[in-house]
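Each remark here refers to the structure printed beneath this line.
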Amino acid sequence: MNFMAFGGISWCVLAFQSQRYLGPSRYFSRARYFFPCLHSPVPLFSFSTLGDPSHTFDAEYLTKKQPNLDERFVLDELSKLLPVPCNTSATNLHKLVNSEKQIETRAADGFLLSEDKLGGVFLQKLKGRTAVEHALSNVGVELNLDVVAKVVNQGSLSSEDMVIFSNWAIKQPLIPNDIHFYHLLLRALGRRKFFKDMVKILHDMRDKGIDPNLETVSIVMDSFLRARQVSKAIQTFRNLEDIGLNCDTGSLNVLLQCLCQRSHVGTANSILNSMRGKIPFNGSTYNIMISGWSKLGRIIEMERLLDAMVIDGISPDCFTFTHLIEGLGRGGQIDNSVEVFENMKGKGCMPDSSSYNAMISNFISVGDFDEVMKYYKGMLSNNCEPDIDTYTKLITVFLKARKVADALEMFDEMLARGVFPPTGTITSYIKILCSYGPPHAAMMVYRKAKAVGCGISSSAYKLLLMRLSRFGKCGMLLSIWNEMQECGYSSDAEVYEYVINGLCNIGQLENAVLVMEESLRKGFCPSRLICSKLNHKLMDSNKVEKAYRLFLKIKDARRNENSRRYWRSKGWHF
């Protein structure tokens, strides 16, 4: 028999088998991109030779050889294209598939990250702890603390799944059985409000030879306070003996610190009064409470605690005076804060960077830039090195006041002193500069920050692309787009919109069409405003045919996008 006579059926079987072996993710990937071949008006069987009279089947042959045609012949022909042995019968074919199921699964999910592979085990809803642990072991990833943190923090595991995963992870050779692993787990459970399992693990730590410390207590208390369960946090402090810790000064300071950070200063003050005479207080105890009232600007409460501190024979330190200065500034008593600052030397405390930062913040709040620069220069003259907090306050206030030249000068001085801002701070500077004026100053901050090795976020790149696009700086826009991709950031629909808009603004319609087509190929359909703008530009330039072809591509892309949106709402993700 001629194989070409059976070509149409063989290709149908091949298409079905290829979809079966490649899995759902590969099959549904066609919906993400536009393939012109899928919309071809030529029928699939137009290239089949079934209709050729020279290749017709004999009726007698079909009657006699029907069993071989159904099984043996088909497998023999498919074995040329698929890795199926010729001596494999249809009844044993499922055994071959099952034996290679694990290999196929690993090949199919090879593009996934380690944490996604581990998290996917729990999506299968396996029954029994043993089955889940066996599936986790068969994933075949190199487990470490970073992967464990991503699984328990980024996924949507239930409390039971998190406990099962942690019990399995602690048995792995690269996971240390120490307190750091349990801190990671306690934070994840507390963040999801799985308090029952969190307390259980806290009590089981000692049985496994792990002694809790003050950081452990802080994690548990802060988890309760984040959920506004103040009574349970206080109860944890009173029951510290159950986990092998004592209700001493250190644990009291941890409780007060957690309460003040969550703005439960009144409750912290009540606990402080109830513990007076039972637990000795130290300077940190009073500093924590003064700092809590300072954030609220409660001057009377700060002075009362300062008097109690002196009565107990504890001398105020730089932290105490810094909190007082901040509280007086928030309370509107700037002159009194200046007096406290000037009297620090007489009390035996030399002002440090935190004290100068507090004074700078006070005068920033009232808009007195002369006094701000006075304390900054005094800081330098007293050999007190400014820190990142100092420069962040100064640069931000100059940018908001649109004193761009002063802000850039301060930025240069910061980099010259070896103080490099983090990624978030750079993004905040660029965000302010991109809210007004041309993008020149924002580009200067970007170039200088990148020259010294500071990290640039994807948000900062998008802000620059947006501003450059609006001002028609197409050359710089394409350069920034290229540098963004070199840094490992992928382009999304928003990035493509900025680039297309910038190219349209300067009349580079051919390049705008190319970028639009690239966006559509990657599955991103720009907004209707950008598509309409480009279409009108093409029509005004008498490029009607190009505009019509682009219109058809956008139409197909929107249809595919609507299909994806519909099927994802039904639970299909592709």
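The backbone N, Cα and C atoms fix where each Cβ goes, and this holds for glycine too.
Look at TrEMBL and you will find 178-212, 282-316, 317-351, 352-386, 387-421, 492-526 tagged as repeat 'PPR'.
Residue counts for the repeat 'PPR' (317-351) by DSSP state, with H, G and I taken as helix and E and B as strand, are 25 helix, 0 strand, 10 coil.
Residues 318-319, 321-322, 325-326, 328-329, 334, 337-338, 341, 344, 393-394, 397, 401, 403, 414, 417, 419 of the same chain lie 6+ residues outside the repeat 'PPR' (352-386) yet bring a C-beta within less than 8 angstroms of a C-beta in it. Long-range neighbours of the repeat 'PPR' (178-212) within the same chain, counting only residues 6 or more positions beyond its ends whose Cβ lies under 8 Å from a Cβ of the stretch, are 145, 148-149, 152-153, 159, 162-163, 166, 169-170, 219-220, 222-224, 226-227, 229, 232, 242-245.
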